[in-house]
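What TrEMBL says about this one:
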| type | residues | note |
| --- | --- | --- |
| ACT_SITE | His86 | active site, tele-phosphohistidine intermediate |
| ACT_SITE | Glu161 | active site, proton donor/acceptor |
| BINDING | Arg85, His86, Gly87, Glu88, Thr89, Glu90, Trp91, Asn92, Arg136 | substrate binding site |
Amino acid sequence: MSALRILGTVNPASLSSRRNTSQPINTPRPRLKFSVAKTFLGLNGARSSTVTRLPTHQLRTAESCMAESDSSVVNPAYAEIIVVRHGETEWNVDGRIQGHLDVELNDAGRQQAAAVADRLSREPNISVVYSSDLKRALDTAQIIATSCCGLEVIKEPDLRERHLGDLQGLVLREAAKISSKAYKAFLNHKTDQELPGGGESLDQLYERCTSSLERIGRKHKGERVVVVTHGGVIRTLYKKACPNGRSGGKVLNTSVNIFLLSDGEWTIKLWGDTSHLNQTEFLESGFGGDRTSG
């Protein structure tokens, strides 16, 4: 079992979004400005305990967290992996299940990718960018890599979103009528439940994406790297780092999450930060990034 230390977190409740399921998918949707609270422990005079409760000795002080975050040198004992969800797609907006289907970024998604790229361009000593080979992630990664002095982008198919079988391409709220068997399997809480049409179980997703991040961590110990992937994958990585914790909440498009990996120990340094989008309009209620991710 992985050891756990959380250095910074966002209240999962603050990331929750509500979508009006009665709204027709073709209705123009509002663009909302959405500010996320500061994510380091101890800022604003309080330590968040909304993800999990840990003994005091396992939590670092706010000062040490901030000092580490400002350091240009990564501790040689671990790999610092900056995990980013891809930018928004029109299928995110429509509530349509993507899975392994290759959907492009929309205009808002490209703006989000440019915003997170600008932010990461100021992170020192990024070595390389890894990405899911699906276009929505790969295009986000390429925008980031270009901003970071033209870094190489390495495609990693094991960072793909969960394969959701017969549900792929369907609007979630219509899926129960169109593919009732797959929808029932999707809602099943058994982690070994596969989905009709070649869909993965949660166990298969867990093994695939955590093994991928472990490989990246071993290869880049002492380095800072970027990984661009999908909401379902990032939620699964959170479960690896926090096996006994509460849900990390919704993973918003281009949110920044930092994992430290060292010899089987996973540490979350930063979770769910979208402060780079404070000046960018985007859809707070965008689909995916939670249990419906896909």
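Numbers here mean position along the shown chain, with the first residue as 1.
The backbone N, Cα and C atoms fix where each Cβ goes, glycine too.
TrEMBL feature annotations superimposed on the structure.
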residue: Arg85; record: substrate binding site; Cβ neighbours (10 Å): 30
residue: His86; record: active site, tele-phosphohistidine intermediate; Cβ neighbours (10 Å): 31
residue: Gly87; record: substrate binding site; Cβ neighbours (10 Å): 29
residue: Thr89; record: substrate binding site; Cβ neighbours (10 Å): 23
residue: Trp91; record: substrate binding site; Cβ neighbours (10 Å): 21
residue: Arg136; record: substrate binding site; Cβ neighbours (10 Å): 29
residue: Glu161; record: active site, proton donor/acceptor; Cβ neighbours (10 Å): 27
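The two recorded residues, Thr89 (substrate binding site) and Glu161 (active site, proton donor/acceptor), have Cα atoms 14 Å apart. Gly87 (substrate binding site) sits 14 Å from Glu161 (active site, proton donor/acceptor), taking the Cα positions as reference. The maximal spread of the substrate binding site, taken as the longest Cα to Cα distance among Arg85, His86, Gly87, Glu88, Thr89, Glu90, Trp91, Asn92, Arg136, is 15 Å.
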